[in-house]
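See structure below.
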Amino acid sequence: MKTIVICSGGLDSVSLAHKIAAEHELLALVSFDYGQRHKKELDFAADCAKRLGVPHHLIDIGTIGAHLTGSALTDDIDVPDGHYAEETMRSTVVPNRNAIMLTIAFGLAAAQQADAVAIAVHGGDHFIYPDCRPGFIGSFNAMQAHALEGYADVTLFAPYVTVSKAAIVTDAVKYGTPFGETWSCYKGGLRHCGRCGTCVERREAFHLAGVTDPTEYEDPDFWVAATQAYAAQEVH
């Protein structure tokens with residue numbers, strides 16, 4: 001299966017890129033600059049492409065992102081600290097982000113005669129992000145079948161959509177994913193902050209998977225208190 005992977009440079013998408021490279025035919029990685037404050041993640045995506053020996057397509061959609069106002073990832077709004085399940089994390093939603101990225105990626109895949117576009121959405125994303133849920137993935141795949149009917153046959157591959165981030169870590173170990181060469185923190189500082197939703201989820205995932213976390217955090221222990229009040233929640 002000739003596959004293009006949407007890769008942000010984060011733990012999930014880099015792990016997916018390594019998985020695809022091992023199990024299928026990885027054609028390229030595609031990343032998006034949408035004006036995110038944690039733009040340094042894109043350097044990790046570029047490094048992943050170089051490591052796997054495939055092209056890296058960096059697509060600038062900053063002019064679109066500038067109009068998707070109200071998100072802590074793109075606006076002058078503080079990135080909240082805490083667990084992903086907290087209501088404050090809704091401020092990190094960039095409306096329709098995955099739908100926009102996937103639409104572009106499908107066009108690229110059709111032009112390059114790929115069989116699939118792969119995305120690393122997972123079960124831990126469901127509570128906050130509607131465009132990471134199984135219902136969205138299935139509906140988008142059906143929509144694209146109509147959009148490209150008679151021109152190209154490209155499918156959406158989302159192998160992590162119903163599993164936890166800890167399961168991704170466990171799976172990624174099999175493919176030698178270099179966890180230290182991934183970036184998750186939404187704040188985009190010199191080091192992972194250890195306090196934002198993605199840092200908390202990242203640290204918790206390594207703990208639950210029983211895998212050593214090589215990440216340096218500004219606050220390495222915040223995740224313990226942040227996760228105590230929450231159990232994994234699924235939204236379909």
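Any Cβ shown, glycine's included, is placed from N, Cα and C.
With a cut-off of 8 Å between CB atoms and residues at least 6 apart in sequence, the same chain places Ser31, Lys40, Glu41, Leu42, Asp43, Phe44, Ala45, Ala46, Asp47, Cys48, Thr182, Trp183 near Gly9 (ATP binding site), listed in sequence order. The feature ATP binding site is assigned by Swiss-Prot to Cys7, Ser8, Gly9, Gly10, Leu11, Asp12, Ser13, Val14, Ser15, Leu16, Ala17, with sequence analysis given as support.
Annotated Zn(2+) binding site per Swiss-Prot: Cys185, Cys193, Cys196, Cys199, in sequence order, evidence recorded as sequence analysis. Cys199 (Zn(2+) binding site) carries a helical DSSP state (H, G or I). Cβ-based neighbour count (10 Å, all protein chains) for Cys199 (Zn(2+) binding site) stands at 27.
Counting only the Cα atoms, the space from Cys196 (Zn(2+) binding site) to Leu11 (ATP binding site) is about 15 angstrom. What surrounds the ATP site, by Cβ distance within 8 Å of the Cβ centroid and not counting Cys7, Ser8, Gly9, Gly10, Leu11, Asp12, Ser13, Val14, Ser15, Leu16, Ala17, is the set Val5, Ala45, Cys48, Ala120, Thr182 from the same chain.
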